[in-house]
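Below you'll find the structure, written out as structure tokens, and then a few comments.
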Amino acid sequence: MKDEIFSVLQRVGRSFMLPVAVLPIAGLLLGLGASFTNPTTIKTYGLEAIFGDGTVLHSLLTVMSAAGGTIFGNLPIIFAVGVAIGMAKAEKEVAALAAMISFFVMHVSCNAMLQLTGKILADGSIAPGVLEGTIASSCGIMSLQMGVFGGIIVGIGVSMLHNRYYKIVLPDALSFFGGSRFIPIVSTVVFLFVGIAMTFIWPIAQDIIFGLGNVVTGTGYIGTLIFGIVKRALIPFGLHHVFYLPFWQTGVGGSMMIDGQLIQGGQNIFFAQLASPNVAHFSADATRYFSGEFIFMIFGLPGAALAMYRCARPEKKKVAGGLLLSAALTSMLTGITEPIEFSFLFVAPLLFGVQVVLAGAAYMIAHILNIAVGLTFSGGLLDLFIFGILQGNDKTSWMLIIPVGIVYFFLYYFAFSFLIKKFDFKTPGREEDDEETKLYTKADVNARKAGVQGESGSADELSQTIARALGSKRNITSVDCCATRLRCSVADSELVDQKLLKATGASGVIVKGTGVQVIYGPKVAVIKSNLEEYLATAPEVEADAAAPVLEETAEVQAEAPVAAHGDHEFFAPVAGTAHAITEAPDAAFAGKMMGDGFFIAPADGHVVAPCDAEVMFVFDTKHAIGMKGADGTEFLIHFGVDTVKLGGQGFEVFVEQGQQVKQGDKLMEVDLDYVKANAPSDVCLVIFTGGQAVHMEKSYGVKALDAVASY
């Protein structure tokens, strides 16, 4: 039962990320627009001639402010659509349409009921005696003030209806309305009654929400500390979005009257004050839910990164430094902390406990010092500049972040250094072997491979490996992501290969019930898109199929000295012209990201076993075979570049997983003409995945089974 609840909450949390992702651009528009059209700001900086009323820039900024404001003003319907899209299993566009319709139907039903009960008068005004703030306009409809809760209710409800009925089969006479067409229909009917029910239920919920908000507010600085600790402690479970959003967007985070309007939620209060010309200092009671993040994201965690680097073993500092520098910069610039937090979470949970307490204290310290800097997404330098520095110290007290942050930098540095050395925590660079350090460094490499270098076949092969590690296409029931994590649901979590997932570049894996979270960092959105595209066209993958060996060790092995010649000869699997791997027509292979090796421009399509070996795996698309030689050497025969996209066409394989082959046995037959016409290259690559340094013995024409290299 607990695992099922976690799985549901995980899906709800990840569905929040789509609407939350629009907040930064909305905040940017509103922040810049409201700041430079605010008479007080203009006068303070003496910018009347540039931004004063009547100037072109003033007009443009007014439009920007209005554009950003309308996004914040319509977050309920944005959440309704976003949550429905995020939680729908398929045909998400239908869920989006149904959510929009249901949102309007629910609020119109509420409006009609409020008129029938006399709470809204015939002229549309609110009746005397109705508690202020309980009724408000939502997309132009006077209804109960549900805020984003109303949108979330619609999104979750519609997605449940959608996932249950989008394949429904109706009688022949009504068959036109079957399948996905049934979803808007059933959603309309259901939310007609939901709207009626909300008229009686929501006032009770409002009392609870306001009561909870009063409790949080009444606990003062201790409440802020508890909020910060809980939010940071939920990071490993991916449930922090579910926790903090009500404090940001609803009455749970408090309410305040601003320019004659009752505003609910900490973030909403900040942006309302940002647009107001009558605010001398932003409310620290409203920003208590996020102002402290600037202290530990910009200063504290980089101090922890420096401590881990200084504690790394000398021979591993270069490798660990690459990871830690990137993670620290990510935290400072964007406020995304998972890459650095997950670098020590799994190997040293005590350090994460220290981080949780120190981060929670940062929220409280900011509250005590009356620091009131807002944000749109997280506490990075960009948000600090727009919502702190640009607004002026008089309004935000942002300058206090600097001395507190410096103290936090050294506090993190000395605390982490002491604990790492005292308990010999295996943080990046302190492992007994090379694998983990290389794995952390490869996270950035894999992210780049899946991102801007999409022209190579690496992204597809990465997706194929992820699918295998999740137990095959058949085992994956849903795929999504948040800012840093690939979030999947699987039918059977026993089939998930966590070691293989980490080998794809993940810095951590969490399996809870049927929910799987794989931490890749900020590039996860691209990895998710590539995986979805792969799953849409890939054949079914057997759950017990072996997976490619991707303990990629290129970062270190590329620096290893190359011997003049090796002790072991290796023979050509195909006839043609041999070349060093560094000349390969693919950046991933040429850069030895999967290992050293060589390639042959083939003269024919007859591929044979280069030595006595065991077949470790055969890709479902037949273009690659993994093998282990009699001496234990593991290697990959990969035919062509981007040939994974051919779906097996043009390839015929004569071996299977687990089969023992002799040197010269036929492995595959390739239609060279088809591959040349449909793939970027038809070269046959041989990659040694165990870290061996390879020396070319021949760099010219070879026959199959000629000695071509040594290792």
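Backbone N, Cα and C define each Cβ position, glycine as well.
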Given ranges 242-258, 480-496, 599-615, the stretch to which TrEMBL attaches the annotation transmembrane segment: 242-258
Mean per-residue pLDDT computed across the domain 'PTS EIIA type-1' (586-690): 87
DSSP helix/strand/coil residue counts for the domain 'PTS EIIA type-1' (586-690): 15 helix, 48 strand, 42 coil
